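A quick write-up on the structure given underneath.
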């Protein structure tokens with residue numbers, strides 16, 4: 001039994017009773033990483049020296065009367081697009097292979113305040129562009145449940161590390177499903193909060209109007225605690241919202257009597273595997289038995305979300321990634337004749353294929369003569385997609401469906417055709433376009449691979465999502481199962 | 001009908017400051033063509049009179065007090081630069 005099979009509250013008690021030391025927690029991480037990460041390949045960089053030193057400092061504090069929060073001493077892994085001062089941050093890209101950030105992301109500062117211990121940085125699709133972590137510039141992370149399959153993406157390292165018991169929890173980022181889909185594939189809990197709930201300062205930008213950091217945990221309860229610690233307005237991010245952060249944990253009452261669930265018919269239609277549908281219907285039955293009611297609803301513009309997303313996210317990415325030019329940081333080509341040549345060769349040599357493809361698509365969609373036809377058109381369709389959600393939320397508390405249309409697929413299976421890979425995100429993308437929060441919680445297995453139930457809420461109503469997810473989790477045992485690594 | 005030509009792809013690559021080989025231009029032409037063709041399904045929708053959404057939250061013009069604060073120390077900022085000299089970022093010559 002691993003210490004990380006326990007909930008954070010239990011570990012907190014053990015620390016206080018001095019039955020477990022902070023060093024024990026940190027060593028549990030490094031021991032497990034030594035055992036399994038050769039197979040899983042979730043970590044890009046380990047923070048061993050500093051983590052052990054922090055553990056020693058916290059150990060002293062543990063013996064004092066100073067107050068210690070719940071996250072005190074807990075080992076965490078961070079997706080490698082979250083900048084960490086003095087700890088290499090690559091965003092999964094060769095162009096940032098040796099990048100040593102000079103400041104911390106706001107979430108990292110908040111975790112430092114909460115006194116968690118950063119174990120290391122986790123693999124991801126390059127600049128978060130992908131659904132399988134196969135687009136990493138460095139290594140292919142494996143799904144702990146089946147090493148032949150992908151962990152999902154782009155936060156594949158973050159989900160795999162938690163599933164494999166290498167850390168208690170982690171942070172990922174979600175632009176079109178990149179926290180929820182890997183959480184579903186790896187059988188863990190992943191939350192994409194409302195856009196604006198968490199500061200994006202220090203999150204290496206992919207698509208600024210869609211990106212959001214999110215916690216990945218083994219339990220819903222830990223997820224709620226972790227979100228509470230990192231949420232809230234930040235003067236360094238003008239898109240972080242001036243909205244009060246409630247106590248998410250207080251919403252975990254187990255009571256969902258009278259809750260109204262909308263189930264979009266588009267989310268159980270074509271392309272969604274039979275076993276996935278069945279697991280969602282079973283989950284709905286379970287929620288019904290707990291007093292909720294559900295009805296079929298429609299999000300009529302769902303089928304346009306994928307195209308809208310790729311136009312908008314690639315357009316934003318093409319602008320955001322213009323900063324990687326070989327001048328201020330990152331890789332620089334040794335073969336440049338002049339400045340333009342330096343830009344072009346640096347970027348050609350530093351970026352991987354998927355990143356180049358999206359920069360090209362975005363540049364095209366924003367270019368003179370095409371802007372109205374592609375970019376602006378997609379922005380208008382985004383309005384319609386957002387309105388779909390608003391309409392349903394007039395009459396329902398949450399929207400429920402699968403997180404992904406299938407369980408984890410085989411490594412290499414979808415890399416040849418970009419559109420096939422993109423289709424994998426069809427159920428998560430609309431949520432980012434609308435900016436609403438959504439969570440994936442384990443809801444079954446198909447051929448030994450985990451499945452995820454997606455629960456979508458109203459803007460800034462993560463509370464109701466947590467309440468539903470927690471009630472479901474407490475009445476099922478999918479989350480208790482562990483991969484045999 | 002193809003949505004994007006190889007010459008257009010080369011032009012876009014230039015705008016994006018990406019050096020591409022002839023072979024890559026070929027591949028990108030095919031791939032971008034199929035992605036753009038796929039994206040044209042949006043034309044099925046009548047969006048006459050629909051306002052574009054660039055941002056989901058109802059916040060705009062977030063201002064802070066106009067007060068100077070300390071930036072990062074110069075040596076820190078230059079730490080990650082591939083080349084620098086006299087406290088400045090250094091690049092190859094711009095003029096021939």
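Using N, Cα and C of the backbone, Cβ positions are placed for all residues, glycine too.
Unlike curated entries, TrEMBL annotations are predicted automatically.
From a predicted model like this one, the values you see are computed outputs, not experimental measurements.
Long-range neighbours of residue A:79 (active site, charge relay system) (same chain, six or more residues apart, CB within less than 8 Å of its CB): A:121, A:122, A:124, A:155, A:157, A:158, A:170, A:171, A:172, A:173. According to TrEMBL, the active site, charge relay system annotation covers A:79 (among others).
Annotation source TrEMBL lists active site, charge relay system at A:154 (among others). Around the Cβ of residue A:154 (active site, charge relay system), a 10 Å sphere holds 34 further Cβ atoms from the protein chains shown.
Residue A:178 (active site, acyl-ester intermediate) falls within neither a helix nor a strand when secondary structure is assigned with DSSP, and so counts as coil. The active site, acyl-ester intermediate annotation in TrEMBL covers A:178.
Per TrEMBL, domain 'Amidase' is recorded for A:24-465.
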Packing count at residue A:178 (active site, acyl-ester intermediate) (other Cβ atoms within 10 Å of its Cβ):
37
Whole-number Å distance between the CA of residue A:154 (active site, charge relay system) and the CA of residue A:178 (active site, acyl-ester intermediate)?
5
Select from the active-site residues A:79, A:154, A:178: which have any Cβ-Cβ contact with chain B shorter than 8 Å?
none
What mean pLDDT score does the domain 'Amidase' (A:24-465) have in the model?
97
